[in-house]
């Protein structure tokens, strides 16, 4: 099938779906080439089939392949950005990391080392989980490559800043507390987005505030809208090296039923995609999409959502790689003036301080 791939600008792209049906053949992300089929990848998509850190429903170990299967529907041109990401840069699928499902500490070390190996030549990672435990080693690797503490946006229904759970320091509910303690996050530029639902106590919020996290709740997104949400986030992050971690349960269960710890009242898939599009020009150095658990999915709803979130993250990386003056706002069909509007909202917010 390799001769039936789309090629442009020296980059080997996905299998041509006008010649080979989307449902045919083994699934790689967006039907892209495997890493061993290209000389170098600017962006590497990699799976981490690990869910030994979950506190409720298991099954996220099967998430990466579920997202890959759903990504067969993706097409090479992203009209919301006016970008063909697979033409701008070389994107490849590295398959899955081989991690120990019975030893969380060893798995974390393996993920961190594999991430460092995959980024040794300058490639950026978009990682498909797996549960949220995997974010810690990925952040460690990203901060090491950046040479400094990095900014982070954490899209999630939950805070994931517990201290321990059943005495364990490393679970899917603790990665960002550990990351702050280890000094790998820039605590002036970290925020949760989409949080909601009951907590064990107010101390959870007090601790989170003490660590430096900003919080944009799902209700904030609903009442303030995408534009103000994006403006506030951009104002907080600036141009720092940025890592984006997306727990699919940030979405309402109507949009993402296939996850281990669902919470009612989430944001929509449209809101999530539009928020990411509003980050055009930001310095994204790595990203993950985690907690997709296909056993609880219906008609690939969650897999499709996860595949599109990853696609927007890859597009953001590809768009940043293009030189010239194209770093305006995504056209977003009806949102031609998004960039200018974000600036207006940001100025208004600044005037209220």
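The first residue you see is number 1, and the count goes up from there.
Cβ atoms here come from the backbone N, Cα and C positions, even for glycine.
Under the heading Zn(2+) 1 binding site, Swiss-Prot lists 132, 156, 160, 247, citing similarity to another entry as support. Every protein chain shown contributes to the tally, and the Cβ of residue 160 (Zn(2+) 1 binding site) ends up with 25 other Cβ atoms within 10 Å.
The annotation Zn(2+) 2 binding site is assigned in Swiss-Prot to 156, 158, 247, 249 on the grounds of similarity to another entry. The secondary structure of residue 249 (Zn(2+) 2 binding site), as reduced to three states from DSSP, is helical.
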How big is the gap, in Å, between the Cα of residue 132 (Zn(2+) 1 binding site) and that of residue 158 (Zn(2+) 2 binding site), rounded to a whole number? 11
The rounded CA-CA distance in Å from residue 160 (Zn(2+) 1 binding site) to residue 249 (Zn(2+) 2 binding site) is 12
What is the set of residues, excluding 156, 158, 247, 249, whose C-beta falls within 8 angstroms of the centroid of the C-beta atoms at the Zn(2+) 2 site? 132, 155, 157, 160, 194, 195, 248, 250, 261, 263, 291
For the Zn(2+) 1 site (132, 156, 160, 247), what does the 8 A shell look like? I mean other same-chain residues with CB within 8 A of the CB centroid. 135, 154, 155, 157, 158, 172, 173, 175, 176, 245, 249, 250, 290, 291
For residue 158 (Zn(2+) 2 binding site), the number of other Cβ atoms found within 10 Å of its own Cβ: 24
